[in-house]
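Beneath this line is the structure, given in structure tokens, with notes to follow.
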Amino acid sequence: MSEGAGVQQGSPAIGAAGSAPAAPGAGGTEGSGATVGSARIAAKKAQLRSSPRPKKLEKLGVYSSCKAEGACKCNGWKSQNPPPTPPRTDQQPNTVNLLEPCRSCSHTLGDHVTHLENVSEEEMNRLLGIVLDVEYLYTCVHKEEDADTKQVYFSLFKLLRKCILQMGKPVVEAQESPPFEKPSIEQGVNNFVQYKFSHLPSKERQTIVELAKMFLNQINYWQLETPSQRRQRAPADDAAGYKVNYTRWLCYCNVPQFCDSLPRYEMTQIFGRTLLGSVFTVMRKQLLEQARQEKDTLPPEKRTLILTHFPKFLSMLEEEVYSHSSPIWSEDFLVGSTGEQIPIHTGGPYATKGGQKRKPSDPIHHDETKKLRIVGDIPMELINEVMATITDPTSMLGPETSLLSAHSARDEAARLEERRGVIEFHVIGNSLNQKPNKRILMWLVGLQNVFSHQLPRMPKEYITRLVFDPKHKTLSLIKDGRVIGGICFRMFPSQGFTEIVFCAVTSNEQVKGYGTHLMNHLKEYHIKHDILNFLTYADEYAIGYFKKQGFSKDIKVPKAKYLGYIKDYEGATLMGCELNPSIPYTEFSVIIKKQKEIIKKLIERKQAQIRKVYPGLSCFKEGVRQIPIESIPGIRETGWKPVGKGKELKDPDQLYSTLKTILQHVKSHQNAWPFMEPVKKTEAPGYYQVIRFPMDLKTMSERLKSRYYTTRKLFMADMQRIFTNCREYNPPESQYYKCANLLEKVFYTKIKEAGLIEK
């Protein structure tokens with residue numbers, strides 16, 4: 001049975017960019033009925049707002065309590081002659097008589113609407129909009145069969161009814177207000193695009209951005225299944241948590257699309273990973289099934305995008321949604337210098353400025369689109385401009401270093417082969433609990449042959465035993481349906497490491513970058529499984545390979561963790577590798593290459609600026625013996641500044657002593673208190689998204705103690721960064737901003753007194 005069987009969930013057409021949502025009470029259905037329902041409500045509101053004022057008063061009187069003297073308890077005027085149901089189309093509208101008595105309390109219509117006599121036309125139209133929303137919700141309450149949904153509709157009905165009586169603005173009462181989780185779904189998908197695809201050329205990256213837009217649009221118009229439906233489909237899931245999110249979705253996203261008197265939010269901007277994880281599996285399956293059904297009706301330009309690229313995009317995103325170690329859901333995730341935000345919704349309902357959260361009155365029509373600037377030595381605008389000029393994706397620019405020359409060019413060929421489908425990577429293993437899979441068994445035999453042939457000093461029986469051992473797994477490299485290499489390993493999750501047992505590529509397929517690409521895939525596999533350390537015993541022929549893959553003899557895993565767990569080999573060297581979960585290892589060399597290209601372009605730009613030829617100095621022919629350096633034409637354009645002059649202390653001990661004295665003076669100043677320690681995330685939300693290179697006096701003290709500051713310029717640069725970061729993050733009127741300015745003056749006074757710069 002399919003995963004979504006029996007679930008009344010719907011989505012807009014797969015290729016649509018702005019499909020209408022299903023109406024509340026529609027049971028999750030989709031299509032033209034929802035569009036017609038939404039348009040009908042809007043048409044009714046427009047017609048009612050264009051009515052004469054007496055007609056508006058009559059409509060509002062039905063929902064207004066009686067104001068006659070004598071404490072009348074009537075909560076709404078009722079006509080003596082109610083209109084026929086349904087009303088005749090040829091019937092002329094009756095003239096409104098404010099003296100007509102109420103069928104309930106006998107007081108006139110005028111007694112019910114005295115509070116509206118001086119109300120502006122705009123306010124009256126707002127109240128009329130709420131009236132029609134109340135009537136629509138009343139219908140939904142009576143038609144809805146699901147108890148949880150009916151309860152939400154009724155709560156919103158009472159809220160809007162109360163707003164009419166009190167002439168107030170509707171505010172949904174809840175323990176929490178949007179957003180309910182950070183980062184949002186939209187931000188998480190943005191981070192996913194940057195994390196996985198920022199290395200791609202501009203055209204390919206734009207395709208990924210289009211897929212991301214399409215996916216976010218699908219979520220915004222997705223109809224969630226009711227809690228009772230979800231309990232039947234997935235009884236083991238967190239029912240209480242889903243019900244809370246379902247209620248929030250109804251109140252803030254679904255109902256307000258029809259009842260526009262309620263504040264409306266996009267689902268992707270106020271919900272995060274939790275809700276996405278609860279709907280992703282079913283949503284992915286239904287979207288792909290729908291795409292297959294509609295493939296013949298899709299326009300040609302959409303067909304390839306949806307049928308070829310969209311399934312792979314969803315598969316990669318699914319891994320990040322359910323991976324506990326995925327960095328895209330971290331609030332500290334930084335957009336790379338080559339990245340761009342997906343402009344599906346410019347700006348969000350929430351923005352930060354000066355460290356303070358701010359919520360606009362209309363979340364959907366928020367027009368503050370300015371992106372937070374990341375502080376760095378090079379402006380982001382310049383980086384983006386340079387990125388647009390990089391046109392040769394095959395050139396490796398700049399001098400090679402020992403860090404990159406070993407593998408940066410070689411694994412490019414393997415990466416391209418994988419992208420074209422020439423090679424595949426599969427983690428396989430033997431199992432004693434499941435029925436043997438013929439293809440996997442053939443691959444295991446192939447791996448046993450590769451390891452035996454490439455590792456002749458290793459007993460063949462030993463290799464066979466480990467390859468087929470259910471506790472061991474092997475990352476296999478498949479080309480043209482046959483095994484050409486692999487890495488056999490055993491995971492020890494409780495100890496926090498994995499032992500690499502065998503690693504080999506068949507001899508006629510070597511020197512093609514397969515070994516590096518194999519190891520990078522293995523690293524990403526372990527990051528997804530929360531294991532961040534490798535251990536292996538390498539013989540004299542393998543040490544060089546493992547060094548190139550980031551292994552060293554400096555073992556980070558405590559000996560007590562691995563002693564007695566891993567196999568010991570005579571004459572081999574124990575090596576270890578610590579993984580960084582923020583690095584996309586399979587794309588690492590591409591990212592480094594792109595960074596080198598950026599640096600070269602920046603250097604070229606700077607050289608072009610200072611390459612101007614100035615006329616020679618003629619003053620010396622006229623008898624002038626010397627001139628100030630700053631008067632030489634073009635000298636300032638090179639970046640030379642006279643204020644930077646000063647004596648550089650050659651004696652390390654004298655430099656240390658001088659800098660220590662200056663730092664103590666700065667730390668003891670009354671305005672130094674905001675900068676004594678690193679900024680805490682809890683005290684300044686979003687600080688590390690804005691400030692890319694944080695610095696504080698405590699860190700400077702530690703650096704000074706470790707003799708990091710070998711020149712005065714390093715010391716001055718760190719101190720200046722403290723002041724620059726503060727002014728970047730905080731508004732000018734803040735106390736922190738003022739402290740930075742005052743302390744900066746003190747610092748430069750002390751620097752001048754020490755003779756490190758000219759006075």
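For all residues, glycine too, the Cβ spot is worked out from N, Cα and C.
For 1-55, the entry in TrEMBL reads region 'Disordered'.
Taken from TrEMBL, the feature compositional bias 'Low complexity' covers 10-24.
Positions annotated as compositional bias 'Basic residues' by TrEMBL: 42-55.
According to TrEMBL, the feature domain 'N-acetyltransferase' maps to 432-580.
Taken from TrEMBL, the feature active site, proton donor/acceptor covers GLU499. Non-local neighbourhood of GLU499 (active site, proton donor/acceptor): PHE489, ARG490, PHE492, PHE534, LEU535, THR536, TYR562, TYR565, ILE566, LYS567, each in the same chain, at least six residues away, with C-beta under 8 Å from its C-beta.
The Cβ of VAL511 (acetyl-CoA binding site) has 10 other Cβ atoms within 10 Å, all protein chains considered. Among the features that TrEMBL reports, acetyl-CoA binding site is placed at CYS503, ALA504, VAL505, GLN510, VAL511, LYS512, GLY513, TYR514, GLY515, THR516, TYR541, ALA542, ILE543, GLY544.
What TrEMBL records for 667-737 is domain 'Bromo'. Under DSSP, residues within the domain 'Bromo' (667-737) fall into helix, strand and coil as 38 helix, 1 strand, 32 coil.
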Sort out for me which one of CYS503, VAL505, ILE543 has the most neighbouring CB atoms within 10 A, since those are the binding-site residues we care about.
CYS503
Over all pairs in CYS503, ALA504, VAL505, GLN510, VAL511, LYS512, GLY513, TYR514, GLY515, THR516, TYR541, ALA542, ILE543, GLY544, the listed acetyl-CoA binding residues, work out the largest Cα-Cα distance in Å.
19
The DSSP breakdown of the compositional bias 'Basic residues' (42-55) into helix, strand and coil residues is 11 helix, 0 strand, 3 coil
Tally the residues of the domain 'N-acetyltransferase' (432-580) by DSSP class, grouping H, G and I as helix, E and B as strand, and everything else as coil.
53 helix, 40 strand, 56 coil
